[in-house]
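*Asks:* Quick one: this structure, given as C-alpha cells, is what I'll be asking you about.
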Amino acid sequence: MFHIWRTTTVRTKRAVIGYGHIRRILPIPTSRQYRTHLSMPVRYCSANVRTFDTMLSARRAEARRSILVQVSSERSYNELYHYCSQFGTIESSHHYRVDGDADGDCHYILLEFSSSDQADAAMQSGVFSTERPGVRARSIFLWFRTGPKPKLIAQEEPKRPLAMIDGANPIGETELNSLLASAESIDDQVTVLHRLTKLNDLGKRLRFLAVRQLESSLQGMFPQALAHPFGSSVNGFGRMGCDLDVILDLDSRSGEPPDRNSRLVYHTKSTNPNERTQVQRQLESIGDVLQLFLPGVNSVRRILKARVPIVKYHHEHLDLEIDLTMNNTAGVYMSELLYLFGQLDARVRPLTFCVRRWAQSVGLTNHTPGYWITNFSLTMLVMYFLQQLSRPVLPSINRLIQLSATCSAQNSSHPVTRFGEGESEWAYTFLKNPSIYGSFRSDNESTLEQLLVEFFEFYSQFDFNQRAISLNLGATILKPDHSPMYIVNPLETVLNVSKNVNLEETELFRMQVRNAVWLLEAHGKESGQAPTTEPWGLVSLFGPKQQQRITPQMFFTKRMLNVKDIFDEVPVDEPTQYRNASVKNQIAAIHRAAKAEIHKLSTQGGPSRAGTNLEPRTTTSMEGTGVKLKRNTKRR
C-alpha cells in the first residue's frame, strides 16, 4: 500500500499539521525511515491501488450523492445537519469560504448522503424564492434560509462533525515558507510542499460537482451526454486553486453498434460537413445555455477561433475557473498516462510539484498563454528525467506497452498498438489494463533531495540545440525542426509539446537550472546543524528575490554608444568617452553629415512638419474618449 500522511510540517520529533482550522498531531517519519520505505517493493504499487477509471467512478458517485448548500457561516452546520438528516444519512460534510464583496464572504457546506436517492430527495424538497427573481432551474446548488427559532432544549451534537473548515483556502506564501524552514532536510521540505499545496479532497469533490451540473443540464435532450474532466484536476498533479478542464461528449455511446432487432430509429438533425465549424456552433449554443440558465455560472467567454475551440466560464459558488471543449479525447488519455506515472512511484508527484513551484518563483511559467514554458512541458521534462536515470524511476512508454502485453497476452482481445496508430486500441490495451499499475517496480533508492539536485544538473548540461526528448523511447532523438525546445507529444508523435517556447525562454531555463544547483549547494542544511534564521533549501530556492537574481540581460554586452548620442549635443564638462580613436572619428563624421543634411532641408523650404510624418506624437490617448493606447510590454 502507499504510505499516506496528512498535511504536515516537521518540527522535531512530532509535528503540528493541518489544513484550514483542523489541527492534528502525527508522528513524522525520519529520513532513515523514509529511505527504508523506498527500499520496500510494496511501496511502489499494490493490488489495491486505484486505477484511473476507478478513481473517476468513485468521484462521480460522490458527486451524485452530494448537494452544496450556502449558509451564513460554519456555525449553521448543526441546524443544517439536523434539517437534512430527515432525508437520509449524512456520510460527510465539508465547509469552505469564497471571498465576497462588501457584504461579506460567502460560506458553503457540502453534504454527502449515503445514497443518491437521499440526495435527490433533499434537492427535490427545495423551493424557489419569491424575493429573488430569476430563471427557475433546479440544481444541486441551494441556500439555507432562516427558519423558526429553535426550541430552548439544546439539540444534540451531529453524529458526524465537519470534516474540514475553510478547506478550499490555499496556504499563504509566508506560512508555507515558515513550515518549510522548520523541516529537517530538503527531502522533508519537498514532501511537506507536496502535502500542503496539492489539491485536497474537498477541491476534487467541488470539481466533480461542476461536472455533474454540466451533465445534468444537457442530459434531458442528450441522455448519453458525458463530461470528462481532464488535466491537473484528475491526473494527480493538481494544486489548490487549479482550473478545471472538461471535454463534453454529447453522445458517449455513438461508437456502439445499434440493436438490429429494433425497427424504430430516431430522427436526427443533419450536421455540418466541416467538423470544426460544427463544434464551434455547438459550443456557442452551449455557452448560451451556461450563461442564461445554470445557477452560479457567470463570465462566459467563447474562444471559438482558437486551434481548439473553447468556452471559458467562472462558477461563483465553487470559486472555480472552467474550460470546456469538445471532441478532444487526447486530453483524457494524457491525463490517464500522467496519473499512471504518479501511481508507479510515490516520489514522482512531490518532485514534480517542487519543480513547478520553483519555475513559478523564478518567472519561467505564467498563467496566461504565451512563448514561455508551461506546467505541462515541465511535467514532461520531469518524467523524461526519471526515465533516463541509470536506475530508472519510471519506464519508457514503449516499455509499459510491452509490460501490458505480457501481463494480459492471454486475455487481450485487441492487438497492442503504439501511439498514433489508433486511439481506441491503444486506450483499451494499455491504459485500460489494470495490471499495468503493478507491472513495474523501480530499484532506485534515491531520496527526493538527490533527485531534485540531479534534475537541475541534468538539464543544465542538456543539449537543447540538437536533441529532442521522447517519453515513448525514454531517450533523445535528433530534432525534426529548429524549435528551441522539442518535446515529442506521446500521443501524436509528429507534434511538439513545447512548440510555443522561444529561444530566449529556453536559454532562461538553462540559466535558472544552473542557478538552482548553486543555490542548493550554497544554502543546504547539514544534519545536526543548529537552527538558523537564514533561508535554506527550498526557501532559498523559492525566495522573493529570485526574480531579480538572474536575467538574460545580465549576459548581454553593453553598447559602445547609444544612437541618440550621435545627434545630441554633448556638454563640454561631460565629454563622451570612446574605446577606439577610429570609432570617435567615424561618429564625428556622421554627426557633421547629419547636421549638413538637416540644414539643407531647412533652407530649401521643404514641406512643413505639420503636414508630414515627421511631426512628433505628443499624445497617447484617443481624442475625445480618454482611452489610453496600450503599449506593447514584455512579461518581465
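If you go along the chain as it appears here, the first residue is 1 and each next one adds 1.
Any Cβ shown, glycine's included, is placed from N, Cα and C.
Positions annotated as domain 'Poly(A) RNA polymerase mitochondrial-like central palm' by TrEMBL: 186-343. Positions annotated as domain 'PAP-associated' by TrEMBL: 448-481. If you look up TrEMBL, you'll see 599-636 marked as region 'Disordered'.
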*Asks:* For the domain 'PAP-associated' (448-481), find every same-chain residue at least 6 residues outside the stretch whose CB is under 8 Å from a CB in it, and list them.
*Replies:* 185-187, 190-191, 347, 350-351, 354-355, 380-389, 392-393, 395-399, 418-419, 487-488, 490, 493, 496, 506, 509-510, 513-514, 516-517, 520
*Asks:* Determine how many residues of the domain 'PAP-associated' (448-481) DSSP places in helix, in strand and in coil.
*Replies:* 13 helix, 8 strand, 13 coil
*Asks:* If you average the pLDDT over the domain 'Poly(A) RNA polymerase mitochondrial-like central palm' (186-343), what number do you get?
*Replies:* 91
